[in-house]
Amino acid sequence: MDMMGLAGTSKHITFLLLCQLGASGPGDGCCVEKTSFPEGASGSPLGPRNLSCYRVSKTDYECSWQYDGPEDNVSHVLWCCFVPPNHTHTGQERCRYFSSGPDRTVQFWEQDGIPVLSKVNFWVESRLGNRTMKSQKISQYLYNWTKTTPPLGHIKVSQSHRQLRMDWNVSEEAGAEVQFRRRMPTTNWTLGDCGPQVNSGSGVLGDIRGSMSESCLCPSENMAQEIQIRRRRRLSSGAPGGPWSDWSMPVCVPPEVLPQAKIKFLVEPLNQGGRRRLTMQGQSPQLAVPEGCRGRPGAQVKKHLVLVRMLSCRCQAQTSKTVPLGKKLNLSGATYDLNVLAKTRFGRSTIQKWHLPAQELTETRALNVSVGGNMTSMQWAAQAPGTTYCLEWQPWFQHRNHTHCTLIVPEEEDPAKMVTHSWSSKPTLEQEECYRITVFASKNPKNPMLWATVLSSYYFGGNASRAGTPRHVSVRNQTGDSVSVEWTASQLSTCPGVLTQYVVRCEAEDGAWESEWLVPPTKTQVTLDGLRSRVMYKVQVRADTARLPGAWSHPQRFSFEVQISRLSIIFASLGSFASVLLVGSLGYIGLNRAAWHLCPPLPTPCGSTAVEFPGSQGKQAWQWCNPEDFPEVLYPRDALVVEMPGDRGDGTESPQAAPECALDTRRPLETQRQRQVQALSEARRLGLAREDCPRGDLAHVTLPLLLGGVTQGASVLDDLWRTHKTAEPGPPTLGQEA
C-alpha cells in the first residue's frame with residue numbers, strides 16, 4: 001500500500017489502519033516498517049514508567065510497566081523496534097506493537113518475530129482520549145535478561161536468637177540474589193538484603209525433593225511482622241542477570257515475646273471426695289497484625305492452652321496434661337503449677353504462670369505410723385476396690401526435692417477395710433523432725449488430673465516426748481496470791497496438729513497442795529493463783545500429743561513472797577512528806593506565838609493608850625527635835641521640864657541632866673493623872689504639842705522620860721494625845737517650868 005497516497009492523514013492513524021489489514025500474532029501485535037515516531041518521553045508526570053522486558057522461560061518473554069494517571073478509558077500499546085537479522089547491512093529497523101488495553105503486562109514468544117539474541121528497543125504509549133503519553137525507551141537483549149520467580153511454595157519460618165530464618169525451595173539453579181521487605185502494624189515497609197545464595201553460610205541448604213533450597217535471615221521483633229521475598233538472577237561475574245522478581249506472598253510471623261495473659265483462676269475448697277473445682281475466667285490477649293496479615297494464618301495465636309502439672313506424687317507415670325483454656329477442672333489437694341500457653345507457628349509459648357498450693361482436708365483422718373529399727377509402717381482406711389494409692393512424705397519446711405513417694409496397688413482387699421504399707425529401707429521416719437504425709441487415690445493413675453486426696457496428716461518422728469519437752473521455764477510474781485509461768489514453745493508446735501495441749505503442774509514441796517493447768521498449744525504462758533506466801537513451790541510443764549503424753553520439764557522452784565505494790569509505796573511516801581510538812585508548819589507557828597509572848601514588842605507612844613510614869617520622878621520632859629515644824633525661825637533647842645508638885649518618895653533626883661523630867665510613880669494614880677493633864681495644858685499654851693504625829697510613829701518627836709525604873713501605863717499617854725489640840729504656830733518658849 002502506498003502510504004504517500006494518504007495525504008493529510010495522521011501517521012499514527014495510518015499505521016493503525018495498516019496494522020488492521022495485516023496479520024496479527026498471539027500478542028495481538030503488528031509488524032511494520034519504521035516511520036518517524038517520537039523519540040523522547042512525553043515529559044508529563046503522568047503516563048507509563050519503569051518499563052521492563054525479560055525472559056520468563058525458555059521460549060516465553062514478558063514486558064511490564066507501571067502507569068500513573070486515570071484508569072478509565074486508557075489503553076496501552078507496547079512498541080518494539082529492531083533490525084531484522086537479514087537486514088543488518090542496510091540498518092533498516094522494523095517495529096512491532098502489542099496492544100494490551102488497560103493491562104500493564106504483555107507476553108510474547110519467539111514466534112511473534114521479536115529477536116531475542118539481538119538488541120531490541122521497547123517503549124510504551126498510553127492513549128487517553130486524544131492524548132498520547134510515552135515512556136522512556138529501553139534497549140534489551142531478551143535472551144540473557146531473565147526474570148526469576150519469587151518463592152511460590154511454602155516458606156518455612158523458624159526463630160532462634162532473636163532472628164527469623166526463612167527457607168524455601170527453588171526449581172532453577174542457585175545463584176540468585178534475594179531481598180526481603182517487612183512491615184509491622186505501626187511501621188511502613190523496610191527493605192533488607194539476604195545476600196547472594198551460594199554454597200556457604202546461610203545459602204543453599206541442599207537438595208530437597210530434587211530441588212534446591214534458599215534461605216534468608218531477618219531480625220525478630222516484639223510485634224507481628226509481614227515479610228515478603230523477591231529474587232534476581234545473578235551472573236557468574238556478579239553482575240545482575242535480570243530484573244527483580246515479583247514479591248512473594250506475605251509471610252506472617254508472630255512477635256518474639258507474646259503479651260501476657262490476664263486469666264483469673266477461682267478455686268473452691270476441697271469437697272468430701274478430696275477434690276476441688278478450678279474455674280478460669282478472662283480472655284486471651286489479641287495481637288495487632290499488619291494489613292497484609294489480616295485474615296491470614298501465621299501472625300495470630302492459633303489457640304490457647306493450659307498446662308496442668310502436678311508437683312506432688314512425682315512417682316506417677318505422667319505428671320502433666322494440657323487442656324483447652326477455659327475448661328473447668330477438678331483437682332486434688334496436691335500442689336500444682338498451671339501455665340497458660342499460646343500456640344503459634346513457632347510452637348507453644350508461656351504467657352502466664354499460676355501456682356496452686358496444696359490444700360489439706362478439713363476433717364482429721366486417722367493415720368497410724370509406727371517406726372521400729374529400719375522398718376516403717378503406715379495404715380489408713382481403704383477406698384473402693386481397684387484404687388491405686390500414692391503415698392508421699394517429706395520433711396516439713398524443706399524443699400520438695402526431699403519428697404519421697406511410692407505407688408501402692410493392693411493385690412487383695414483387706415477384710416478390715418484398711419491399707420497397710422511397710423518398707424524396711426531408708427528413708428525412715430525415725431529422725432526427730434516433722435513430716436508431712438499425704439495419701440492420694442485414683443482409679444486412673446495415668447491421668448494426673450484424676451487423683452483425689454484421701455488423707456493428709458503430720459507426724460513427728462523419733463522420740464516426740466523427749467523432743468517436745470518445753471525449755472526455759474520461768475516464774476514471775478504477778479499479784480498478791482498468783483504468779484505467771486512462761487516457757488518457750490515446744491518443738492512439737494512446728495508440726496501442725498501434733499501438739500494438742502500443754503500441762504502445767506504446780507505443787508508445794510511439803511506435799512500439802514498440788515494442781516495442774518491445761519493450756520492450749522498456741523499459748524506459752526499461764527497464771528497460777530491461790531498460792532500462799534512463804535511456801536516453797538515447784539512448777540513443771542509438759543507437751544502432750546494425741547498419741548501419748550509428753551515428758552515433764554526440769555522443775556522450777558520458787559518461794560512466793562507478798563510484795564507491796566508500787567502504788568502503795570508512792571502513797572506512803574506522799575503521806576510521810578505531807579506529815580513532815582504539816583508538823584514543820586505547826587512547829588513554826590507555835591514558836592512564833594511563844595516568842596511573841598516571851599518577848600513582846602516595845603510600845604509605841606503614838607499608838608499606846610496610856611503611859612505610866614514612876615511616882616518617884618517629879619519631872620516629865622518632852623523634846624521635839626524636828627526643825628521642819630518651824631521653817632521661818634530657828635531657836636536654840638531646849639527640853640521642856642515639867643515639875644510636879646508633891647512629896648518625893650526618896651528625895652533623890654534622876655541622874656539625867658537638867659532638861660530631863662522625873663515623875664513620881666509612888667503617888668496615887670489619880671494624882672498622877674491630874675498632873676499629866678496640867679502638864680499637857682501647859683504644853684498647849686507653849687505651842688509645843690503637835691497633832692501631826694501619826695499614832696505609833698515617834699520618828700519626829702523625841703520624848704526622853706526619866707522613869708526611874710517604873711513605867712507608867714500606856715493609857716495615860718493615850719489620854720494626853722486624845723485631848724491635844726493643834727495650836728497656832730509661833731515661836732516656842734523654852735525652859736518654862738510648870
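For all residues, glycine too, the Cβ spot is worked out from N, Cα and C.
Source: prediction; values computed, not measured.
Taken straight from Swiss-Prot:
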type	residues	note
DISULFID	C53-C63	disulfide bond
DOMAIN	47-152	domain 'Fibronectin type-III 1'
DOMAIN	259-359	domain 'Fibronectin type-III 3'
DOMAIN	469-565	domain 'Fibronectin type-III 5'
MOTIF	244-248	motif 'WSXWS motif'
MOTIF	598-606	motif 'Box 1 motif'
SIGNAL	1-19	signal peptide
TOPO_DOM	592-738	topological domain 'Cytoplasmic'
TRANSMEM	566-591	transmembrane segment
Within the domain 'Fibronectin type-III 1' (47-152), how many residues are helix, strand or coil going by DSSP?
6 helix, 59 strand, 41 coil
Grab the pLDDT values for the motif 'Box 1 motif' (598-606) and give me their mean, rounded.
69
Are there residues at least 6 beyond the ends of the motif 'WSXWS motif' (244-248) whose Cβ is under 8 Å from a Cβ of it, and what are they?
147-152, 155, 179, 181, 228-232
